[in-house]
Amino acid sequence: MRQEQVQQAQQGHEASELAAVQRILQAHENEPGALLPILHDVQDALGYIPAHAVPVIAEAQNLSRAEVHGVVTYYHHFRSAPAGRHVIQICRAEACQSMGADALLAHAELRLGCSAHGTTKDGAFTLEPAFCLGLCASSPAMTLDDQPHARMTPRTFDALVAQVNP
């Protein structure tokens, strides 16, 4: 009985996600070549691009599933799995690397217990590399839930993490 309940919940969740995708597709209905705006809107609405949405998007855009999947996997911004409750992006561009971003990323991986492109076991954090956050003069930089933070150190990183996940 328990397995049946889990399947029903998953089906309900997928149906809800597909309804959101349909609304987004309708909003872009008359826009030629709208794949990227559609994918951005889906990710903004759902937090990721679900695999079960790819065929629906492909059909609406008159593309193959492979073409849509290729775009989703090519761009680092798009996720194919849900992110943690908090998303941390650490800049990996040259200016930040020269000011200690490698050490900051290594510290973040140890502190969170997950690697870059990973999510913590408790689902609290997703750690992602980013390629230039535009804070080169204040490097190393990172974002936490899209909020920029500059001149980061392991100590300031730990303080930010503790603030959002005590």
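Just so it is clear, glycine is given a Cβ too, placed from its N, Cα and C backbone atoms.
Here is what TrEMBL says about this protein:
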- C91, C96, C132, C136: [2Fe-2S] cluster binding site (BINDING)
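Feature map: TrEMBL annotations on the structure.
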residue: C91; record: [2Fe-2S] cluster binding site; DSSP (3 states): strand
residue: C96; record: [2Fe-2S] cluster binding site; DSSP (3 states): helix
residue: C132; record: [2Fe-2S] cluster binding site; DSSP (3 states): coil
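Annotation for C132 ([2Fe-2S] cluster binding site): spatial neighbours C91, A93, criterion Cβ-Cβ under 8 Å with sequence separation of six or more.
All protein chains considered, the CB of C91 ([2Fe-2S] cluster binding site) has 28 other CB atoms within 10 Å. Comparing local CB density within 10 A for the binding-site residues C96, C136, the maximum falls on C96.
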